[in-house]
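A short write-up of the structure that comes next.
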């Protein structure tokens, strides 16, 4: 069973509409609070050579990216840290704090535990006006599909293209862009952490329309041969860009660099250059 | 370095006042939101023989207890689950959902990961009117010290007193009691998950007064010889009772069973029957 199969199982226990988005949405006075929680741990999430500071930064960036993908302004971050060695704590906490500071959030607390394998769970809270909240559901035929930056860079770094190591190890969540896109009225949004194709399939699962991309328009990772770059851009995980749909007339959104890569279509399918795109990418799989 | 030593280190990175309480406190319209996150994992937190349903229940109860200890009403719970075997998920999620339902919270989302060791991080959010928020700081000489129920039961179960297995494996957070005590105006509060003595020392660390308990007044675990029971009540971890201080004239609080066990004193020390109480209990320690 893969991660999405287990998510379907969870949908029999939690209100399934709650599971459609990157964050839970909670009333908070006249605004909405969004809340996201993400688990990262050494063997699967922290590439070899990563510093403790980078680990703290990444654990925080992951949850800030989820907050951004709803159009919300980040507020507070909590960090639960399961430490294999106590001397790692200060680097991790400093990385988390610096990431919060960089993106206007505050590290307000957490939990500390001893663990055989370094394990970090970040929880991010953010606020958004109800009219600026963006969900995964909301795409309409005729909307364009766009992304906020190059795709496949993190995976390119893992494949040995060292010029992309910073994108892999010190990812920059699109916090400012997410809020600007929400205010501008984009119709659907999510972040692309599991790769573009899986993300398009995730949008497919909660919308009543389909998604057609033109691979010639994909912003590819620099310095990678084109064929390989296109593969990385389609299937590579670990990117922190936002994927969104929008009525064409609201683009460009001032201050947001975004690339149109396709359009929303009435047929419920995911296409690349007119051909159906297989649903694959960066998924945790349990064997057996 | 023990857990509290590491907490002091964190206090050089996070605003130390943020670390005084069981929850972070966040403005939310005309109310306050409290947020708590707790990591539990198989080897240290789930006693042998515990079912997956009980694991999900406990992981949720831990964070609801933190919310309750601030006087807040629980709202939403998020669960990040690092699964060693996928077939455990449904039991865990059902236990979490049932605990939420029992205490008026809603399980609204989370994250799912594969992990060598079952690891669960629960995050709880709650709301409270600013005037009913209770912190660890606030005790005043002349206040009484009280607890909401018997102490040492969880540790008694670990010591083989099977009549207390339910308290160990299916703990009942004092959600209703926490809110009633907040509305009644208790002066300081926390939950006792690390044992009474450590909790009193935690109160000592953030208050300008001291805490004197009378061991003859401790509510002991039933069915345990008195000497052993007193030891368990003082030092045993895993209880989910609330420890609070209050002006004597507001007790009893209607609907809340509580036992007065001592009084707040001007001297900054923790005493039992007039003798200083060593700061020990259930702490994660890193050797070496």
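Keep in mind that glycine also has a Cβ here, set from the backbone N, Cα and C atoms.
Feature annotations, courtesy of TrEMBL:
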type	residues	note
BINDING	B:22, B:66, B:191	Mg(2+) 3 binding site
BINDING	B:22, B:36, B:66	Mg(2+) 4 binding site
BINDING	B:37, B:38, B:111	Mg(2+) 1 binding site
BINDING	B:38, B:66	Mg(2+) 2 binding site
BINDING	B:45, B:282	substrate binding site
BINDING	B:110, B:111, B:136, B:193	ATP binding site
BINDING	B:194	Mg(2+) 5 binding site
DOMAIN	B:21-128	domain 'PurM-like N-terminal'
DOMAIN	B:140-268	domain 'PurM-like C-terminal'
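Everything TrEMBL records as a feature, shown here on the structure.
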{"residue": "B:22", "record": "Mg(2+) 3 binding site", "Cβ contacts under 8 Å, 6 or more apart": "B:36, B:65, B:66, B:69, B:70, B:136, B:190, B:191"}
{"residue": "B:37", "record": "Mg(2+) 1 binding site", "Cβ contacts under 8 Å, 6 or more apart": "B:63, B:121, B:122, B:123, B:124"}
{"residue": "B:38", "record": "Mg(2+) 1 binding site", "Cβ contacts under 8 Å, 6 or more apart": "B:59, B:62, B:63, B:66, B:121, B:122, B:123"}
{"residue": "B:45", "record": "substrate binding site", "Cβ contacts under 8 Å, 6 or more apart": "B:58"}
{"residue": "B:111", "record": "Mg(2+) 1 binding site", "Cβ contacts under 8 Å, 6 or more apart": "B:78, B:79, B:80, B:81"}
Members of the binding-site residues set B:22, B:38, B:66, B:111, B:191, B:194 whose C-beta sits under 8 angstroms from chain A: B:38, B:111
Local Cβ density at residue B:194 (Mg(2+) 5 binding site) - other Cβ atoms counted within 10 Å: 22
Separation of alpha carbons, residue B:194 (Mg(2+) 5 binding site) and residue B:110 (ATP binding site) (Å): 26
Cβ-centroid neighbours of Mg(2+) 4 site B:22, B:36, B:66, 8 Å, sequence order: B:21, B:23, B:34, B:38, B:63, B:65, B:67, B:69, B:70, B:124, B:191
For residue B:66 (Mg(2+) 3 binding site), the number of other Cβ atoms found within 10 Å of its own Cβ: 29
Overall pLDDT for the domain 'PurM-like C-terminal' (B:140-268), taken as the rounded mean: 96
Helix, strand and coil residues within the domain 'PurM-like C-terminal' (B:140-268) as assigned by DSSP: 51 helix, 24 strand, 54 coil
Cβ-Cβ neighbours of residue B:136 (ATP binding site) (radius 10 Å): 23
Which of B:36, B:191, all binding-site residues, has a Cβ with the fewest other Cβ atoms inside 10 Å: B:191
